[in-house]
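Quick notes on the structure that follows.
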């Protein structure tokens, strides 16, 4: 095992000199004793003359020139497998939840090749989430990628937690949650929420918070992904949650600047598309198992043409747009049914009935949007009988798109509901065809299946 010494420290960038015949490879992990703690460095560049440029995975405070550095001769390796479930780990796979060692059987390197073309699976199978608006309007593909776009406080995290809960309980699947550049408080809240919902033993949590150095935040998504790949290769269907993919890009920008690369558009790193591609190409399904990923996407200054969200868009199969306007009506989940899209919403994939129902719901809601201006100026009485019917049905649909969540029971006071896709299609189709025109619209608010709405109407 070769040993070198530190020759230069500039913030998170550390240059290390090795003997000419024992220079570490790019992405190898190096270890240095910094006081009582050991710090891991990752090689980014070979500068020649036996010197390598590295990025620190932790604080570089206290490092000085001349300190001995050990080459571990392999990339950063993290624990994988069932031992990671229910635990909180950092970028190096070390536990940070005070519950002792992880006791893993296996460790995998975080830098891995994406599955080869032959291994990829081309199944068009849908992943039922039990959330009506998502299953109907923007269905998820098993092994697909979903972007959750939304501002602060419209429910990105609650939606994520409900998805983890539904898949853990209804599909007995495992999930991996990677908090990339997260607020520490959010990570803490998330942990307690998972504990209260009794699904912690089905989730591995990997955190690299906002206060960590950029190298740490850039690699933490790969750590989470590696754990998910292990579950996939065991033949499981896994969910990978990344919150927030924008901060992964931002960490890459910081590292790129520290390494002295020329910035490109808007100051982003010149390798933005490649870095995003390296991550996204590994999040895929093979013939053994699938990884379905849900990624929260922060949109800087609400500009979807910003290079970061624009690069992310290219990789997504479905986009779930959370709307503040819908949240203000008290309709949760606040998914915008006219703005959210999915590649799976195709009659060849979901079937003609599902497709027609979803498009019918969209056209009714679109017509209602157009009629709103007329209603605001002239009132309901000026509408034709046909338009009055459109408004009545659209308002029922709008309310029926709401749903009580299991993870939000403490706020809503009503028990959570899981609605099968069959019941979802039946309900919306019935409303559009006028089967429930005689029921009051309040009966459709915060219920699960259409049968519950009928029951609720009897009590009103």
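Every residue gets a Cβ built from N, Cα and C, even glycine.
When secondary structure is read from DSSP and collapsed to three states, residue 156 (ATP binding site) falls in the helix class. Feature annotation from Swiss-Prot assigns ATP binding site to 150, 151, 152, 153, 154, 155, 156, 157.
Of the binding-site residues 150, 151, 155, 150 has the largest number of other Cβ atoms within 10 Å of its own Cβ. Listed in sequence order, the residues 322 complete the 8 Å Cβ shell around the ATP site centroid, once 150, 151, 152, 153, 154, 155, 156, 157 themselves are left out. Between the listed binding-site residues, namely 152, 154, the fewest other CB atoms within 10 angstroms of a CB are found at 152. Just so you know, the Cβ of residue 156 (ATP binding site) picks up 22 other Cβ atoms within 10 Å once every protein chain is counted.
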